[in-house]
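Report on the structure given below.
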Amino acid sequence: MSIEMLRKSNPLIHCMTNVVVTNFTANGLLAVGASPVMAYAKEEVADMAKVANALLLNIGTLSAESIDNMIIAGKAANKAGAPVVLDPVGAGATVFRTESCKRILKEVDVTIVRGNGGEIAALSDQAGTVKGVDGSIDSDPVELAKHAANVLNSAVVVTGEVDVVTDGTGTVCGYNGHPWLTKVVGTGCLSGAIVAAFASLKTDDFLEVIGYGLVAYGVAAEKAYEETKAKGYGSFQTAFLNQLGRLTDEDVKQHGRFERS
């Protein structure tokens with residue numbers, strides 16, 4: 001009953017995300033039942049991170065100053081016991097992006113790293129391809145994710161055709177979603193925020209609750225596509241937010257496809 005649990009708890013998610021996706025991320029979190037706050041200034045990030053239920057660090061439009069501020073917020077979240085999710089957007093595309101992510105991982109106790117296959121491969125010194133903020137791999141995403149979790153010393157989420165959640169030992173794979181998600185800017189970044197929201201829930205099964213959140217996200221995308229396939233990507237974007245808001249645990253039970261190993 002994770003969606004119902006999320007909506008009842010209405011967790012505050014501190015999003016230090018990129019300027020391209022801020023509005024979409026906030027609306028997506030509101031739709032699913034979380035409460036977003038976007039705070040970036042050095043003077044307040046620690047205070048905000050202390051009261052938030054989870055912290056998202058998304059480096060999409062990074063600068064040296066923004067990385068410094070993310071580290072301040074991350075350390076504050078660590079002290080408060082709140083989960084920290086790193087979304088290493090474009091890691092592997094430039095040295096600055098890759099090294100900035102590695103610095104965050106060194107200085108902050110990151111709970112989950114969520115990225116596409118190319119980004120995760122770049123951070124864990126595995127083979128992959130990154131083009132701008134898009135990435136791909138030739139290897140098995142499960143093995144990639146498990147290796148990365150052990151190298152990075154954090155849980156890892158690799159999103160793509162199959163969504164993989166692992167702590168390096170146990171694994172949950174989700175099989176929901178739709179290719180049209182790749183035609184709307186910000187859906188990958190929103191999935192990182194969704195991961196942060198579900199990570200904030202107090203549960204005995206951390207991997208399963210994160211996997212559940214990603215499957216729910218994919219179910220919403222599938223339902224949005226069925227509603228708008230004769231219209232196009234713009235209509236899909238709106239329908240997707242609507243479906244996130246309407247989504248129930250019964251929907252996930254009926255349409256969700258995932259397995260654990």
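Every residue, even glycine, has its Cβ placed from backbone N, Cα and C.
Note that this is a predicted model, so its numbers are computed, not measured.
What Swiss-Prot records for M38, G186 is substrate binding site. Annotation comment: Swiss-Prot describes R114, T159 as ATP binding site.
With respect to their backbone Cα atoms, T159 (ATP binding site) and G186 (substrate binding site) stand 13 Å from each other. Within its own chain, R114 (ATP binding site) has V85, L86, D87, V156, V157, T159, S191, G192, V195 as residues 6 or more apart in sequence whose C-beta sits under 8 angstroms from its own.
The Cβ of M38 (substrate binding site) lies under 8 Å from the Cβ of C15, M16, T17, T22, A26, each of these being in the same chain and 6 or more residues away along the sequence.
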